[in-house]
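A.B. asks: Here it is, the structure in full.
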Amino acid sequence: MTDSTHRTTAIILAAGLGTRMKSRLPKALHRLGNQPMINHLITTARQVFDDVVVVTGPDMPELEKAVRPFKTVTQVERLGTAHAANTARDLFGTGDVAILYADNPLITAETMRRLLAARREGASLALLGMRPAEPGRYGRIVEDHGRVVKIVEFKDATEDERRITLCNAGVMCAGVDDFRTWLANVGNDNAQGEYYLTDVVEMAAKAGPVVCVEAPEAELAGVNSRSELARAEATLQTRLRNAAMDAGVTLVAPETVFFSTDTVIEADVTIEPNVFFGPGVKVRSGALIRAFSHLEGCEVGENAMIGPYARLRPGTLCAAQTHVGNFVELKNVELGEGAKANHLTYLGDASIGSGTNVGAGTITCNYDGVFKHRTTIGERVFVGSDSILVAPVTVGDDALIAAGSVITSDVPPGDLALGRARQTLKSGQGLQIKQSLKARKEQG
């Protein structure tokens, strides 16, 4: 970061339609780690640059909304990358300016800092390059004694140039005044009639040294198709898994655990295989997340045990020492310390006190077809198996709900509530019915 007279700016080009995505959604809004690609880049750029500006295309209100409160400018006609950058020239700031791409969401802050440092060490222009396993049709970076001479597109490259393994990633950084001048001089004398940023490189080379900062392919490879999006997701998940393990989290089978970028897991948490973390999850120290569980928008307290096959939905808070077992779903639930719901249960829009045990098959009926209603269960309550609590309803501390009950009225503290039909016995009729049914079956 710099003082107000030399503010650095990151210009993110995001006007591309992403036709290879085969989607109505702008390419920059496709998600990685449960947030739009462009938000990854903005978050990283804000760690390095003073200001961030996003260049959008026409008719992209969803994109403009997604990047608020950052400034946007619209490239009315899509006439190439240099044209897009030039659209934002009035927002370049007063110091160095970097051009980034919304479809390069995995560039790290460290790589951005290296780019900016290379520019400040005397380069007229610094750019990012990579050595992909399959260079394919990437533009090649032609160097002479460590200085970049030009970028040549694959289709225009000679056989010798095509053997160059250093490829252009498109990202570059220069001083604001020079950049404005170079952009103004980029022409469109090419088959597509577009203005390309790569043309800036030769201009910069005449003004001073142009240097290439190399970074791994996984950081710089573009996301232009669904398959490339999947590869980027795999790269991101590897980063998130490694970060979790480095922070003291045990992943029994790391490759099967999927995080969101905002997932917070404290040290000494153990996560079993095939667990998915949606947005907004916090897991406190000592918790155990068992296999095949799905968590989103929730918090899990210290030494809690979740799963296997549990689902925690938004608004759920499981306090310390709680147990949420197999095939239990919680939605907008406060589960008090030490409370348990271990089997085959749906609890929605409920508050459950500490020490309460919710038996197998219990359901809170929270929806009347129009409105949601809340169920409040006190501390140390025992809810018998196969109980139905029809909200709104309150069960007081130390109450006991008999198995199979339908509870429609409040239960005072310490009371026993039974809400089921009385059992009736009819001597011998069970055997008679079975024999009758068997006879009918034999008769066809």
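Yeah, the Cβs are placed from backbone N, Cα and C, and that goes for glycine too.
Heads up, here are the entries from Swiss-Prot:
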BINDING   13-16, LYS27, GLN75, 80-81, GLY139, GLU153, ASN168, ASN224, ARG313, LYS331, TYR346, ASN357  UDP-N-acetyl-alpha-D-glucosamine binding site
BINDING   ASP103, ASN224  Mg(2+) binding site
BINDING   ALA360, ASN366, TYR367, SER385, ALA403, ARG420  acetyl-CoA binding site
REGION    1-226  region 'Pyrophosphorylase'
REGION    227-247  region 'Linker'
REGION    248-444  region 'N-acetyltransferase'
A.B. asks: Since the record lists GLY80, GLY139 as binding-site residues, which of them has the fewest other Cβ atoms within 10 Å of its Cβ?
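C.D. replies: So among GLY80, GLY139, the binding-site residues given, the one with the fewest Cβ atoms within 10 Å is GLY80.
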A.B. asks: Could you state the CA-to-CA distance between ARG313 (UDP-N-acetyl-alpha-D-glucosamine binding site) and ASN224 (Mg(2+) binding site) to the nearest Å?
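C.D. replies: Cα to Cα, ARG313 (UDP-N-acetyl-alpha-D-glucosamine binding site) and ASN224 (Mg(2+) binding site) are separated by 32 Å.
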A.B. asks: With ALA403 (acetyl-CoA binding site) as the reference Cα, tell me which of the binding-site residues LEU13, ALA15, GLY80, ASP103, GLY139 is the closest one.
C.D. replies: ASP103
A.B. asks: Counting only residues 6+ away in sequence within the same chain, which have a CB under 8 Å from the CB of ALA15 (UDP-N-acetyl-alpha-D-glucosamine binding site)?
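C.D. replies: Within the chain, ALA15 (UDP-N-acetyl-alpha-D-glucosamine binding site) has Cβ neighbours under 8 Å at VAL55, THR56, GLY57, MET60, THR74, GLN75, ARG78, ALA84.
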A.B. asks: Which one of these binding-site residues, LEU13, ALA360, ALA403, has the sparsest Cβ neighbourhood, judged by other Cβ atoms within 10 angstroms?
C.D. replies: ALA403
A.B. asks: By a simple count of other Cβ atoms within 10 Å, which of LYS27, ARG313, ARG420, the binding-site residues in the record, is least packed?
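C.D. replies: Among the binding-site residues LYS27, ARG313, ARG420, the lowest count of other Cβ atoms within 10 Å belongs to ARG420.
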A.B. asks: For a quick check of understanding: among the binding-site residues TYR346, TYR367, which residue's Cβ has the most other Cβ atoms within 10 Å?
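C.D. replies: Checking each of TYR346, TYR367, the winner is TYR346.
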